[in-house]
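What TrEMBL lists as phosphate binding site is S15, R57, H58, S90, A91, T189. Feature annotation from TrEMBL assigns substrate binding site to M188, D212, F213, D214. Feature annotation from TrEMBL assigns domain 'Nucleoside phosphorylase' to 9-247. According to TrEMBL, the site 'Important for substrate specificity' annotation covers S170, V225.
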Amino acid sequence: MSDTFEPVIGLIGGSGLYDIDGLEDRQWKRVESPWGEASDELLFGRLDGVRCVFLPRHGRGHRVPPSALNYRANIDVLKRAGVTEILSLSAVGSLNGDLEPGRFVIVDQFIDRTFARQKSFFETGCVAHVSVAHPVCPRLGDAVEEAARQIELPYKRGGTYLVMEGPQFSTKAESELYRAWGCDVIGMTNMPEAKLAREAELCYATVAMVTDFDCWHPGHDAVTVDAVVKVMLANADRAKQLVKAVIPMLGKPRGACPAGCDRALEHAIVTAPEKRDPALMAKLDAVAGRVLKAA
Ligand SMILES: CSC[C@H]1O[C@H](OP(=O)(O)O)[C@H](O)[C@@H]1O
Ligand SMILES: Nc1ncnc2[nH]cnc12
C-alpha cells in the first residue's frame, strides 16, 4: 500500500435502504466471489467525487433473511470492488429507555448471540485469529459523529448492539436479559458482518437507526415489521443526509488506519505455510492477499 490513497467507501444498506440517492455515474454490476452469491449486485458510483460501492444487505426487494445472508460473499465482493472502508446502516430495536425511535446510535461494541452463520473466512487449511476487541473503527465513528452534528441529527456516540439470530423478534425474557447485560440496541445482522470486515482488513462502522423499543417497554407495544418499516421510512431521508455529509469526510486521501484495521491479519495466521490448503488459499486471494502474497 502506498503512503496515501483515495478511499473507496462501501455502504451496506439495511432494512428500508435498497438504493442510494444522488450517486453519479451509477451502475449495478455483479461481482463474482469464491464464497458464493452476495445478496445482490453492487451499485458503483460517485458521491461528491468520492468512489462509493453500495450493497443492499438483504438484496433489492428484501429477499434474504438475516440467517441466510452470505456474509462472507458480501464482504468479499466489497473487498474485490476495491472498498477500503464500510459504513453499515441498520434498523435496530432499543433496549435503553433513553434511546427513542428516530435516534441514530454510532455503535462501538457488539455482543454476538448468533449461532447459525459462517463467521470466518479462515477454515481448516488456514487458521487465523484476529482481534475484535474494538470491532468498530474509531476514525469512521469520528467522521459519522461529525456529520451527525453538522446536520443536527439526534445521535448517541457509543453503544452496545446485541446481535440475535432471528428471524423472530425476542421474547420479553430475552429482551430483559439483554437489558440487564447493559446492551443498548438489538438487531440481527451486524455479526458476523463486522468480524468478517475485520478479517478482510476493512475499517467498519455501523449507524444503527432506532425503530422501536423491542418488547420490554411497558409503554409500547411489542415490535412488528410494520412499526419498523414505518419508522425507517420516516427516517430514511435523514439517513441519506447523513451519508451525503459523511462521504466527503471519508473520501479524503489518507494513509494507514491509525487503529490498525487495515493490518488486522499481520500476525493472525497460525498455520505453517507448508500446511496451508491451496484451494482455501485461492479463495482467500482478495481478503487476505496482502499477507498471503508477502508470506
Ligand atoms: C425488518 S425488521 C428486522 C430486520 O431489520 C434489521 O435489519 P438490518 O440490520 O439489515 O437493517 C434487523 O437486523 C432485522 O434483520
Ligand atoms: N426489536 C428488534 N429486534 C431485532 N431486530 C430489529 N430490527 C429492528 N428492530 C428490531
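Note: Cβ is positioned from N, Cα and C throughout, glycine not excepted.
Positions of the features from TrEMBL, shown on the structure.
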residue	record	contacts (Cβ under 8 Å, 6+ apart)
S15	phosphate binding site	H58, H62, S90, A91, V228, V229, M232
R57	phosphate binding site	I12, G13, G14, S39, L69, N74, S88, S90, T189
M188	substrate binding site	P66, S67, T114, V163, M164, E165, G166, P167
D212	substrate binding site	G93, S94, P101, H220, V223, A227, V228, V231
F213	substrate binding site	G93, S94, E100, P101, G219, H220, V223
D214	substrate binding site	G93, S94, L95, F169, S170, S175, I186, A222, V223
V225	site 'Important for substrate specificity'	none
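For ligand 1, the nearby binding-site residues are S15; that is, of S15, F213, D214, these have a C-beta under 6 Å from one of its atoms. The phosphate site is defined by S15, R57, H58, S90, A91, T189, and by the 8 Å test on Cβ atoms against their centroid, the other residues of the chain that qualify are G13, G14, G16, L17, P66, L89, G187, M188. With a cut-off of 6 Å between Cβ and the nearest atom of ligand 2, the binding-site residues R57, H58, D212 reduce to D212.
As a whole-number mean, the pLDDT of the domain 'Nucleoside phosphorylase' (9-247) in this prediction is 97.
Of the residues the record lists as binding phosphate, namely S15, R57, H58, S90, A91, T189, the two whose Cα atoms sit farthest apart are 12 Å from each other. Taking each Cβ in turn and tallying the other Cβ atoms within 10 Å, the top scorer among the recorded positions S170, T189 is T189. Neighbour counts were taken at the CB atom with a 10 A radius for the binding-site residues H58, S90, A91; the maximum falls on S90.
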